[in-house]
Amino acid sequence: MVQHIYGFLFSLLRLASKIPPETQKWSKLYLGCTLDYDVQSVCLLAFSSYKYSRGNVWVENPDKTGEWISGEITKESDDKIHIKTETGNDVIVTKDEVKFQNPVIQEGIDDMTSLSHLHEPAVIHNLIKRYELNTIYTYTGTILIAINPYCNLPIYTKEMIDSYCDQPVVKLPPHVYAIAESSYRQMLNSKSNQSILVSGESGAGKTETTKFLLQYFAAMGEMRGQSTQDAAANNNIEAQVIKSTPILEAFGNAKTLRNDNSSRFGKFITIRFDKIKGTIVGASLETYLLEKSRIVSPPTNERSYHIFYQFLRGVDQSVRDTLSVTNEPSDFTYLSNSGCQDVDQVDDSDIFTKTKQALEIVGFTEDDLMGVYKILAAILHCGNIQFKEKEGGEDNAADLVSSSTLSSVSKDYDPLETLCSLLQVSKEKLKSTFITRTIKAGNESYTIPMNVKQACEARDSLAMYLYSRLFDWIVLRINNSINKVKGDNVFIGILDIYGFESFESNSFEQFTINYANEKLQNQFNHQIFKLEQEEYTKEKIDWSYITFNDNQDCIDLIEKKPLGILSILDEESQFPKATPTTLSTKLVSNHAKTKHFEKARFSNTHFTIDHYAGKVDYDTELFLEKNKDFIIAEQVMELQATAWSFFKTIITTLSQPKPQQQNGTASTSASSSSKGGQPSSGFKFMSVSTQFKDSLNQLMTTINATSPHYIRCIKPNTIKQANHFEKPMVLQQLKCGGVIEQLRISRSGYPGRLEYDSFLKRYRLLAAAELVGKSHLLNEPKKGTEVLIGKLGIDIDNAQFGVSKIFFRSGIIANLELLRDETMSKSAVRIQKRWKGFKERHRYTELKRASVHLQTLIRRELGRLEVKQLVDIQMAIVLQTYTRSSLAAQEYADTLSASTCLQSYIRSTIIADELRELVKERAALSLQTHARGCAVHQHFKDMLNATSRIKRQYKVKMARRMLQQLRAEAKSLSRAVEEQNKLKKQAEEMNARLEAEKLEKQRMEEERQQTAKRMQEEKEQAELEKQEIAKRMQEEKERVEQEKQEMAARIEQEKLEMAKLAEQAKDELDVTKNKFERSQTEIVELKSTIDDMQDTINQLNQKLQQQPSTPSKPLVATMTSVTPPPTTQPQEDNNPHTFIPIKSDSESSSSSSVIQPRGPDTRVSPVPSEHIDHGKQQEIESLNQKIQELKDQLEKERLEKERLANSSGGGMVQGVIMGRPKQTKQQEKQQLQRPISKDQILINKGMSKSLSYVDFQQIVENNVPAQSQHQHGQKTLATEPSSNNSVPDLMMALEINNNKEVAGRYLVDQLLFAKEPSFVHNMMPEPSYIILRCFLKDALGGVEEDEKKTAVARDILSYYVETLGTMITRDTHSLDLDGSCYWLSNVSLMLYVIDHQSSTPNSPIAGQQTKQPQPPPQTMAILRIKTQLQNILLKIYNSLVKNLLDYIQPIVHRSLNDPNTDIDLMEPLTQYLSKVFSTLQNYFVYDSTREMLFEQVFKYINSLLFNEILLRKDLCSLRSSIHLKMNISELEYWSKGYGSEWAQRASNQLSQIKETIYVLMVDKTLVTDSETRKQVCPNLTDAQIKQLLTMYSPDLDSFEEPVPVETIALIMESPTYNKSENILLDLSNIFSLKLDQLHSITMSQLDTIPHSCNHLVSSIIRKNMETHNNTTQNVNNNGLGSSNNRVILSPPNTQLQQPTAVVTTIK
């Protein structure tokens, strides 16, 4: 469409304005149409509102310091620039002070080093634009700026982690996960340690950032394929590290003037990873720079550490009483001196509860917690110890004040005694350490008293020592719980440290903090400059003249010996008479001329240092006191002598202070060592500043040994409110964080960098004339760029040509944008001029044409009026003529009408008289005709009655004659003559009654209504009787079933007896043959007799049916068609009311026996006894009894015939014939006619002796089939080579030698570990089919006599499932596509059939012909098998999905990330999907499962592409959307080849990506309306659309501009917009398997499918024979047991060794 629009516009403009040929410079656009480049540019601008921004600058706001407002240059003189601000004020500045605004296209960019103008207002403006859109992360080179949003944003989800995992972060938006991914990949690739430096003010989000980093690293461990146990351990490490945060905040954070939760120490979290796997193996926590001076002397209006206030207000009153503390901090000197005990809107008791819970999580017990409480209370009581000058003493010796007062409870107590009681130390010894000092000189010791000041310092030293020991011990406990490092590893360190501080009054704490930040900034500067150098070296750019400001001078000022500030401070701290004034004076005298040092103008105790972030004025009033850190050896010794084991552990475990745990480690010693290793001096002075310096140096050593990454957390406001941005505050934090310095370093070099191709695409229109006819320059971007730079006249000093990029000085790209905008503007003006001229000429032509047409219309109207007047005159004349003629005609007509009326009246009178005469004659004739007809009708009626009487007499005569015939026929039966005579008499009586009924016809007609009603009642009664009869039939059926079972038992007993008689069969052969011939004759006679009796019964039944019912004794005979279930053998029916018709000869020839008692023929329902007289009932019973006797005799003859036929061949009977299923008559006939081989062997599974291997060998050698009787039919085990063994044969083979369990396990192994997949008639896989056919029905049994068989079948099923599960679990990672599809088909079929068969009530077992009773309830074994199959199925499905995703995901990422090619991912993807689809079909995976899988694949592709587009600006463009649309269309076209209905469902899964492409291609203002959004993109949320518009990036060679912030703000103001919504689609829950759609085949359908099992049958028989031989040999060797004993051997390849064939070999 875009191509057509461009072509139409160009044709129209060229035709209208006649563009000169010299402007027609053709070039080919990416859309595929040839179009003049300049013309295309101006076409887009000619119809849009173009905002010209040349001369827009930033001006300082005079009303608010640190803010800037927009202005426009109005006038330019030599050195002055006149600017008009947006507020209307005129401002004049110098050229050096002008700060130009960046082009509109650079507003809100990700990396601020790409800004054309790098200065403070540009940085603030860019951050504000991003912050307004809730985009809190921004790059500044390698620094990540993170602004605290003070609200929950959905950018830390698992989907976001997946989007950054193993992806090029340069194409993804800034994020804390990008820094984590960069450091993680660099660590794995280079096998080197990494560090992430997170800095910022307290409250800026450092802790949260650290938590997100830990979450990402834990997720990386999971994605690297670690075990479940390792994953749980890693998650526990992460949880404990995160939970350590509130602990460290309580013990290391405090309220300051600027922040209520300021961190007063630094922490370095080390996350250790396995060097090969990349999984987390441990973590550790190190703390730095703890501010101990805050314990004893917190600054004014600030608090000490939070834990003291939380402890006092959070513990129970009983604990307070035990520790002798109150809930008021003002009762304790250390907490009351600062004048601040509370924090606004903070409840210390609630926070204490969270701190206590965190301590419990990291492993603190109740005893540990009580120990911590005691030490905290001891520190507070230590602060309450007061001293006074000793009365009468010398040299102002100090003495202890005996008591102190807790003012809140008005209680006096001895704090020293309480302290000693809590710590369980000696009071007198500890007291002496406060007021005296022991000094050793040679072999002599001297004890000198201490003054009050020195005693207070000793007291404070003890308090700081106790707290530092406690803090270090807590950190040690945390490390013990998370530091579980094993093997070779590398680490990523996360440094969370306080940022640069500058207050109105800055003391020793701010000095040490800023000193640490100076060191970190120095390392940062060197790292940034190093990266810049590497970039220039890589691109071969000359960088030798590029310099950067190094803050090493400031660091030397602070730490360089011997005249550094720290050295002078330590020196002054050791002089007893040193004061803040002497310190300040000494500093000024030594550094008055130092570059970064300044003397305060109006104070003798202040000095100023010019730090990298700005000048800071320090007050030395408390420098000396806070720099002193005394450790008294006697105090330490006394504490170590404590009787409290917990406290002793803390002191002895950490007996030597770690430098990294203190504010420094250096100390000065007042004496040398003495005997016994004891300190020679009882007093040590340790400088806090020196400790601080050494600790910092150690930290820097650790950081320098790693590759650092930087995150600067920014606090946007002080009120902690979302969407509130305080520009001065943010700017100050940027300066303190080194961001401004980073920009300055970038600005000193070549910050503007573009790839040659991108540069040429965007700016080639500036040199269109030079590029005309030089298409090769477009294919060689570097040469084209050189030509373009030459045409533009850019100085070589402002541009450098690298290998792949062109580098520009600051501001050059902005000038190029201005030049490009100017060129486009001029072209737009020219196009507008031509277009307006064309429009005016066209307007004139249209006006002229309209005027001529109007004149024509007017003239035509005048002529029409004149013609109309002439026509009216002529019409008046004609009207008069016609009026006169009409009047004359009317007069003539009236006269004629009157004459006619008179004539008519006269004629009608005459005719009326004649009509009267004719009516009289017609009436006479009608009367005569009626009289004659009545006479004829009476005669016909008399004749009809006479005829009816004759017919009735004739029918009575014929009925009597028929009755005589029936009587004659009945006499032919010997025992039925009398019964037939009785029936004859009854028939005569019935005829007599019929005649009586005919005579009473007139009376019956009168009673017809009553009779009909009575008959209806009788009919209803008959229906009830019919139901009762049906019920009795059902009971009779059950009785017959029971008799059948009894008969089967008798047959089984008879078989055993027949086995004994088999030896006598040969001797009786001749006699039996004669009996057989006689029996044949008798059978024929019996058949004839039965047929005659059957005919007689049928006639009687017909007569009974024809008998009419009488009102006095109704007889109802209902004929119904009953088809009872088939039975397997003849059954006896003793029901007196039931008789079964005998089939004819033709029917008997095809039946299994002469009599079919339960066939599908129609039979007569029993007639109720109350409606049949006694004689008829006895006749029917006698006939049924005779039929049953004949049937029994016939059955005996048939069995005798079969026995003779089997023995007639002369063969030796080797076994006993078992009961077999019922055969048809034709089959019996064929069996009788087929001779039996003398070598035929019949195997009886009930024999006491099993078939031996010798017998089997003989069978094989003679090639004689061995037959066995099975419950499903008589089948052949070993047949001729041309025959096929089916599943029943396999089932019989399994039962040879009663060894079914071993054979079944062997069969399972053969099926599971086959080298090639096998299938059944190209319908289903063989393993599941064989297992289901052989074992499922027995496993679902429950009949009492089959319990053993059921148990064996369930054991084999369980063995199959467990073996398959073990194989799948072991080979899950190596399971390929073919293997996954093959086993998915197997397990799906088995699970569905088992579930269907076990859950169907009263389901008949296939193969049986009788309806079985409802199976017993499902056992736990079947439930366990189903559960295991479900788990296996899910593993296989997940493996299949993994194979798909491992192929699909790289294709998508490779296509999206390849910068050299357009997006083309569907050709390889559709080829692979076609392969998968065909593989699923080849392995017979069910259609619904296959379609569901591909629908989920489409949904995954949709989600994957959608998430990529939302996070990448290079994909949120018109160019990418066109290619994506083509790819999606190709994918939809592919899906239509597999069915339109399924293709529509699959296409619906691509809804989000299609709507996303639509949003990218249309005008963005359309989606600002909520109703329009619902129509065009109903599946996209407002938050997702907002993200799309935010990330939308115009193509480099296009003429679009970024989406205005106002447009995006309209969407954010929508009531349906939710900024906390997760905008990414979940990729983890897409693939799921529905267990109710696995298959559609049932067990009964499986039984109808034949399958050849030759290879399985032969292998099973051989296995059984080998097992039998082994058993026999063992018995013979040991002499134990009988021949019936058997040993079950373990199947091969199951217990002793693993199978060699694995599933991955399936091809």
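Using N, Cα and C of the backbone, Cβ positions are placed for all residues, glycine too.
Positions annotated as ATP binding site by TrEMBL: Gly200, Glu201, Ser202, Gly203, Ala204, Gly205, Lys206, Thr207.
TrEMBL lists 52-103 with the feature domain 'Myosin N-terminal SH3-like'. Residue counts of the domain 'Myosin N-terminal SH3-like' (52-103) by helix, strand and coil are 3 helix, 27 strand, 22 coil (DSSP-based).
Taken from TrEMBL, the feature domain 'Myosin motor' covers 107-821.
Per-residue pLDDT, averaged along the domain 'Dilute' (1358-1619), amounts to 82 for this model. According to TrEMBL, the feature domain 'Dilute' maps to 1358-1619.
Per TrEMBL, region 'Disordered' is recorded for 657-680 (among others).
Sequence-remote contacts of a segment are chain residues at least 6 beyond its ends whose Cβ falls under 8 Å from one of its Cβ atoms, and for the region 'Actin-binding' (696-718) they are 131, 142-148, 150, 176, 179, 182-183, 186, 190, 192-201, 203-206, 209, 266, 268, 288-289, 493, 495, 515-516, 519-520, 523-524, 527, 659-660, 724-726, 729-730, 733-734, 737-739. What TrEMBL lists as region 'Actin-binding' is 696-718.
Marked as region 'Disordered' by TrEMBL: 997-1025 (among others). Helix, strand and coil counts under DSSP for the region 'Disordered' (997-1025) come to 27 helix, 0 strand, 2 coil.
What TrEMBL lists as region 'Disordered' is 1102-1177 (among others).
Look at TrEMBL and you will find 1202-1240 (among others) tagged as region 'Disordered'.
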Neighbour count (Cβ, 10 Å) for Gly205 (ATP binding site): 24
Number of Cβ atoms other than its own within 10 Å, given for Gly200 (ATP binding site): 27
Helix, strand and coil totals (DSSP H, G, I; E, B; other) for the region 'Actin-binding' (696-718): 9 helix, 8 strand, 6 coil
